[in-house]
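Chemist: Please see the structure below; I have some questions.
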Amino acid sequence: MDTPEGAVFRVHVDDNPAGRDLADALAAAWPHLAIRRESVASEDWGAAWKAFFTPIAVGEVFEVLPPWLVHEGHADRTPIIIEPKMAFGTGHHPTTALCLELFGEMSGAGRIAPGMRFLDLGTGSGILGIGLCRLGLSGIGLDIDPQAVFCAAENALANGVASAMRTAVGSLDCLAPGERFDVVAANILAQPLTAMAPHLAACVAPGGALILSGILAEQADAVAAAYRRTGLPQPVIRLSGEWAALAWA
């Protein structure tokens, strides 16, 4: 194997005996290499990563908090409690924040109202569906990743909205034929959003709202064009850095 001059390789092993054995084997195989052994103090990584998740205000309405910081929430904001595990959606990514900001604005304008039904496609941690439940809606969160659906169900329970938000493993094929929703949200990727444009647009009830994200800013026009071909008008395009969200409302 060719390596650059001065290259350094770091190898981590679980215990000292294995580390010593590996270092001895490497020294025997490549006697010209400088090999150094170093012990790393044990750390509770299960607790250490929590320092990176702090409450985050999203738009004018929501605040996303991990469960161990619920006491730090602000009374003037609608809380969404998210246990960050193996699923996407902590509120820190621009695409999630864009969707929640749009929900808050639509709620303030009366475009999203209690009693409406939603579809959260690609639910991940369940954060978008939970946000809609917090606004008084009910609906379903779908994801093709079983681990994500498990996390979403747990988070819905932690937020007290499990009865308002069903979760299921799958995609649009899980829905009843002709089933429509007042609010459809999909924070996935541009390619699948484009491919499913006719089917996803058909899930929006007459006069309903459609919010799409997971889209790079440079992809926004192409995704918007795919949905215009289904008969929808030009959407509002909201940008945050290199990311975009599209909204029809």
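Backbone N, Cα and C define each Cβ position, glycine as well.
So TrEMBL lists the following for this protein:
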BINDING   Thr96, Gly122, Asp143, Asn187  S-adenosyl-L-methionine binding site
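Give me the local environment of each listed feature.
Modeler: The Cβ of Asn187 (S-adenosyl-L-methionine binding site) lies under 8 Å from the Cβ of Gly89, Thr95, Thr96, Cys99, Gly122, Gly124, Leu128, Leu212, Ser213, Gly214, each on the same chain and at least six residues away in sequence.
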Chemist: Centre the Cβ atoms of Thr96, Gly122, Asp143, Asn187, go out 8 Å, and tell me which other residues of that chain have a Cβ in range of the S-adenosyl-L-methionine site.
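Modeler: My list of surrounding residues reads Phe88, Gly89, Asp120, Leu121, Thr123, Gly124, Ile127, Leu128, Ala185, Ala186, Ile188, Gly214.
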